[in-house]
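Copied over from TrEMBL:
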type	residues	note
TRANSMEM	7-27	transmembrane segment
DOMAIN	8-145	domain 'EamA'
TRANSMEM	39-58	transmembrane segment
TRANSMEM	70-89	transmembrane segment
TRANSMEM	101-121	transmembrane segment
TRANSMEM	128-146	transmembrane segment
DOMAIN	157-287	domain 'EamA'
TRANSMEM	158-176	transmembrane segment
TRANSMEM	188-205	transmembrane segment
TRANSMEM	217-235	transmembrane segment
TRANSMEM	273-292	transmembrane segment
Amino acid sequence: MNSNKLHGIIFALIAAICNSSIGIFSVKLFQAGLTANEIAFYKCLVGFLIIGLTLAIARRWKTAFYFIKTRWRAGLVCAFFGFFIPYHFETEAYINDNVSSVVFVLFGSSTVFLFILSALVEKRFFSVQEIMATCLSLFGLYLIFSQGQGIRIGLSKGLFFACIAGIGYGTFLFLTKRLNFGAGLSRIFSLLFFGSLYLSLPFASTIHPAELGINDFLFIICLTVLPTIGGFWFTTKALTMVSSQSVQLVELSEPMFAVIFSRLFLGQYTTDLQYLGGCLIFFAILFYECPFTTRLSRKKSH
């Protein structure tokens, strides 16, 4: 494995760690009376303002606006699939089904769809690594989310919305790589700008007065800095170094980190099966990134 690919995997892993903090801060904001649509809009808008202020201080705002002016079509498309589709339909899914089932279907559909889409576009069949890595990661996800509320797979409105959310995120990963969207503050600024516009629509239809304290504002800022800015920055950075399939597989480790953080900060109970599921996901990543079968076939040919 070359150093560039290793750095890409590390960036994707950091993105997964950042994204795994979503649950901790979201739970606190739900308890404060905010709806999911409000949380999604606030963290996107605050992220846009933070990045905008950073660019202004660094005197790089002209570069950011030039990027939006020249790549606005790519920004619109990537923000639609990366922000609006996952956030909006994930919210609708939670309203209609339990959390475990929704997250399992979301991650699973994102992974499967991305591998299928990549194979279709590249006009090839699935490799042994892709099939094995997908099966191992899905089984790992099942072990993680089958605990607690359990997973109920069937025809339901909630799981249909979860599937759309997963397909949206998988499409975002694919298009960000395919369109050479790149990484950096200007790119994140563009995504947050268009994402705020998209998310303002469901936000406007559900807004209601809520009394927020200082701690709640701090939770919004943490939710903005870690999963929103940090998660997307490291994801887009990883996509400049490795394939979208690699990024998707590595980011499947997010639920494992979420389980660990829930145990540490929320006192939630975790099981050995959940840890086993996490180990299977990491093994799937290792299996996909290190082509053992290719090496074995080469040895046999010699």
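For all residues, glycine too, the Cβ spot is worked out from N, Cα and C.
Where the annotation comes from TrEMBL, it is an automatic prediction and has not been curated.
Residue counts for the domain 'EamA' (8-145) under DSSP, split into helix (H, G, I), strand (E, B) and coil, are 120 helix, 0 strand, 18 coil. Here the transmembrane segment (158-176) has Cβ contacts under 8 Å with residues 74, 77-78, 81-82, 84-90, 92-97, 101-103, 105-111, 113-114, 117-118, 121, 235-236, 239, 244, 247-248 of the same chain, all six or more residues outside its ends. In the domain 'EamA' (157-287), helix, strand and coil residues by DSSP number 107 helix, 0 strand, 24 coil. For the domain 'EamA' (157-287), the model's pLDDT averages out at 89.
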